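Structure first, commentary second.
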Amino acid sequence: MPRSTTPKKKGAPKRLEISRIGAQGDGISHGADGDIYVPFTATGDVVDVWLEPGPRGTMRASLEAIVTPGVDRAEPSCRHFGSCGGCSLQHLTTDAYAGFVRDRVKTALSQHGLGDVPIEAPHISPPGSRRRLALKALRTSRGVLLGFNQRQSHHLVDVKECPIARPALVALLKPLRAVLGDLLTLRAGLDITLTDSDSGIDLLISGRVSLDLARREALATFAESYDLASVHVLDDGFLDPVSVRRAPKMRFGEVDAPLPPGGFVQATKEGETALLEAILEWTAGATHCADLFAGIGTFSLPLARHSTVHAVEGARAAVEALRKAVHGTQSLKQVTLDHRDLFRRPLVVHELNRFGAVIIDPPRAGAAAQMTELARSAVPAVIAVSCNPNTFARDARLLVDGGYDLVCVRPVDQFLWSPHVELVAHFLKTA
Ligand SMILES: C[S@@+](CC[C@H](N)C(=O)[O-])C[C@H]1O[C@@H](n2cnc3c(N)ncnc32)[C@H](O)[C@@H]1O
């Protein structure tokens with residue numbers, strides 16, 4: 001039975017039937033008094049719950065018992081399911097989970113009058129494929145905890161297994177817990193980011209760390225014993241390269257790009273490949289492309305084999321990484337770089353109109369200012385990658401109102417068993 005914060009139990013639990021899964025991944029029961037949200041349930045489940053008031057007049061419930069499981073329910077594989085905040089949908093069958101991903105995109109589009117847009121079958125990254133883990137470490141009176149926050153709480157779940165992550169990352173959890181013991185104080189926790197780059201694993205430790213010689217040596221020995229590519233410590237804005245045995249890098253097509261510590265990577269190689277396939281298919285024939293929010297060149301570098309690319313990115317470290325990747329690579333068409341804040345200074349219509357296709361992959365907030373300019377442009381094709389269906393749908397409406405046809409949307413889910421859904425979409429200028 002999943003553990004969650006249980007409200008005070010008075011009287012008898014209430015019996016409910018779950019009719020659908022909401023955008024945040026909770027099961028929803030439609031009652032006479034409105035919707036009741038029940039975490040860790042599946043459509044068709046009949047459950048006993050304890051009720052408590054939720055935000056904005058909603059009712060929340062914690063699960064007491066599953067009376068009759070619905071047909072969408074599967075056995076979760078991870079021992080931490082129900083306490084760890086990472087995977088709230090691991091109890092769904094493969095089909096039910098794919099249906100959730102699709103519905104999540106459809107609901108967001110419908111809210112902006114785009115409910116009729118064709119949504120392709122979701123691409124879902126398999127278990128064991130996540131190549132970055134963003135963990136927290138804490139020293140408690142019971143020892144060192146290393147893991148993820150409990151759902152909707154600051155309590156840390158000490159993670160012993162993680163079926164979504166690459167096995168090489170999971171194998172590091174136990175020895176890492178031991179080496180962190182010496183770095184942690186009782187007062188402050190640390191953020192730990194493990195990234196399985198294409199040259200090996202980078203360990204980034206962020207927080208207050210007093211690195212004397214002994215601790216520095218312990219981290220270097222750890223890096224050597226477990227063949228890490230590198231260990232960095234980020235303390236008060238200062239990045240300390242404690243051990244760099246191999247510079248972390250990512251391979252895009254035939255080109256290697258250096259990966260700045262903590263720099264953005266698509267969460268799985270499988271998801272990245274699915275996004276890139278769509279981008280290459282939908283930009284075919286375009287000889288001049290722009291890649292907006294380009295990162296270290298995940299899309300720019302493979303695209304530059306067929307087309308000139310104007311890559312625009314706001315993080316200086318990412319722009320420099322892409323510059324190094326392009327420098328000295330003969331096989332690419334021309335790649336130009338623009339270090340620019342696209343929220344404040346989007347590419348304007350006359351800058352956009354020279355491109356045959358524009359790829360845009362903003363952060364979760366979306367890119368309303370840039371989409372407003374694109375909507376007014378004559379760019380024939382826009383390919384939008386998004387990690388937030390809500391801001392995507394809002395921005396898609398801007399393009400559609402500007403004379404673009406939203407040809408199709410392909411969900412690309414890189415955060416297996418979580419309500420976090422990504423997608424790639426194809427727009428063509430028609431008017
Ligand atoms: C979702 S990531 C995509 C990166 C890249 N397309 C990839 O697939 O690796 C979003 C990128 O937008 C950049 N970014 C965030 N805010 C920005 C802004 N205001 N202007 C320009 N770039 C920004 C981030 O640094 C990050 O590289």
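Easy rule for this one: first residue shown is 1, then count along the chain.
Cβ from N, Cα, C; glycine included.
Nobody curates TrEMBL annotations by hand; they come from automatic prediction.
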Quick one: which of Phe238, Phe252, Phe293, Phe343 does TrEMBL put in the S-adenosyl-L-methionine site with Gln266, Glu313, Asp361? Phe293
CB within-chain contacts under 8 A for Phe293 (S-adenosyl-L-methionine binding site), separation at least 6: Val312, Glu313, Gly314, Leu342, Ile360, Asp361, Pro362, Pro363, Ala367
To the nearest Å, how far is the Cα of Gln266 (S-adenosyl-L-methionine binding site) from the Cα of Cys387 (active site)? 10
Taking only the residues the record lists as binding S-adenosyl-L-methionine, namely Gln266, Phe293, Glu313, Asp361, what is the largest Cα to Cα distance between any two of them, in Å to the nearest whole number? 15
CB-centroid shell, 8 A cutoff, S-adenosyl-L-methionine site Gln266, Phe293, Glu313, Asp361, site residues removed: Phe264, Asp291, Leu292, Ala294, Gly295, Thr298, Phe299, Pro362, Val385
Do you know which of the binding-site residues Glu313, Asp361 has the most other C-beta atoms within 10 angstroms of its C-beta? Glu313
